[in-house]
Amino acid sequence: MAARAGFQSVAPSGGAGASGGAGVAAALGPGGTPGPPVRMGPAPGQGLYRSPMPGAAYPRPGMLPGSRMTPQGPSMGPPGYGGNPSVRPGLAQSGMDQSRKRPAPQQIQQVQQQAVQNRNHNAKKKKMADKILPQRIRELVPESQAYMDLLAFERKLDQTIMRKRLDIQEALKRPIKQKRKLRIFISNTFNPAKSDAEDGEGTVASWELRVEGRLLEDAALSKYDATKQKRKFSSFFKSLVIELDKDLYGPDNHLVEWHRTATTQETDGFQVKRPGDVNVRCTVLLMLDYQPPQFKLDPRLARLLGIHTQTRPVIIQALWQYIKTHKLQDPHEREFVLCDKYLQQIFESQRMKFSEIPQRLHALLMPPEPIIINHVISVDPNDQKKTACYDIDVEVDDTLKTQMNSFLLSTASQQEIATLDNKIHETIETINQLKTQREFMLSFARDPQGFINDWLQSQCRDLKTMTDVVGNPEEERRAEFYFQPWAQEAVCRYFYSKVQQRRQELEQALGIRNT
């Protein structure tokens, strides 16, 4: 009958094959269809079949060794008594819960390796909360309160340092300048004419003009900072023009110019040499290289704002302060400014938008005026050692800016802090492990028998979780477990799926299609 129904014959195991075959045959009706449920049990005169506990290397009864069952037949719903059925060994895969299959030892090893990797990954993500001692430890060790106080102080210190770092980063976005005195030295030398009687050749009289300069040392700066801040004289200027007497040197040779370019090499001074044996009046024009660029204001706007030369953002900020102080903002349309009589004269408008201010200011801003120095080049031998000195104000980068940058870029302290944090985390982990061991030993000392029982139950639950096995093997190995109501319906479903599979194979072989 089994061959007629299309089932594969399975070798019986021990004495259970006869009783199992009798129970299966009784469960089928005429034509291979499921018949009325019957009670499964051992054949008369035979004892109950007790299978050993299945393990990783022991297949369940009814399953071919090394084979995996594939879903067969149409999908079936759960038994009538509700819930997902726990189908017994030997049934088709379509009704078998995947979680009931015991994983191979390789799978268990992979799960354990994954757990170790997760622990290592989580260990890298150490947070401030990992430094906190549990309340139980603080109760056991009162001295730990000193550590908690230090931890709270460290938290406040970290917040203060972080706030200061943010303030420094914001400050570095703005130009940090300080005013210094640049002393300019202007001197000249005269070389009189020399005649050579033997060769009949000589040299004409000439003079040489030198323009040099250096920053005056600030008493507040240390010697190291002063050396580090040394700059070339030409780095302070955008251009330098020396205008000589036009009557003496003509319209094509009376100007000596130097302009900064992208490839300019910085120098400590400038030299000009020309022939001549008379005093020469010259004008030195120095154009400072402002960083960021500065502009000279229109005289009317300069009187109104009290600013002569300044950067564009400072000029706009001063104008906004004037508008806010005199309440010139339109009360109904806040994006407009109501010009007073002074602003009307400057901007030639009674009302303008805030967005128009930069454009209107463009026509009122001019390049800054150059520094003009008048000097007389003397050819008198008595004036050769005289040097004219002029002090001008220049803006240089504040030394504090360099210190700010070095503070933000410094990583030595961060590495040391990270090393100490790792030591603290390791110490806290050791303390927590010792706390767990202490509680373990205390529980065992109070009630050894109850503790061992609870511990075994806990280990059993952990083993099931690690091996991903559902069920109770101790109950499943007893025959009484299979006399429950679900067994009859599970057997019927198994054979019904087998019949449907065989029917589909026959229809496919005969070319019959159900319509």
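Placement of Cβ uses the backbone N, Cα and C atoms for every residue, glycine included.
Remember, predicted model here, so these are calculated numbers, not experimental data.
The region 'Disordered' annotation in Swiss-Prot covers 1-128.
Residues or ranges marked as compositional bias 'Gly residues' in Swiss-Prot: 14-23.
Per Swiss-Prot, the feature region 'Interaction with ESR1, NR1H4, NR3C1, PGR and SMARCA4' maps to 43-167. Mean pLDDT across the region 'Interaction with ESR1, NR1H4, NR3C1, PGR and SMARCA4' (43-167) comes to 60 in this model.
If you look up Swiss-Prot, you'll see ARG68 (among others) marked as asymmetric dimethylarginine.
The asymmetric dimethylarginine annotation in Swiss-Prot covers ARG88 (among others).
Here Swiss-Prot flags LYS101 as SUMO2 cross-link, drawing on similarity to another entry.
Positions annotated as compositional bias 'Low complexity' by Swiss-Prot: 104-117.
Residues annotated as region 'Interaction with SMARCC1 and SMARCC2' in Swiss-Prot, with similarity to another entry given as evidence: 168-474.
DSSP assigns THR203 (phosphothreonine) to a strand segment in the three-state reduction. All protein chains included, THR203 (phosphothreonine) registers 12 other Cβ atoms within 10 Å of its own Cβ. The feature phosphothreonine is assigned by Swiss-Prot to THR203.
For LYS223, the entry in Swiss-Prot reads N6-acetyllysine.
Positions annotated as domain 'SWIB/MDM2' by Swiss-Prot, on the basis of sequence analysis: 290-367.
Residues 126, 130-131, 133-134, 136-137, 140 of the same chain, all 6+ positions outside the coiled coil (412-440), place their C-beta atoms under 8 angstroms from a C-beta of that stretch. Residues or ranges marked as coiled coil by Swiss-Prot on the basis of sequence analysis: 412-440.
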Open item on the list: Give me the DSSP three-state residue breakdown of the domain 'SWIB/MDM2' (290-367), ordered helix, strand, coil.
Closed with: 37 helix, 16 strand, 25 coil
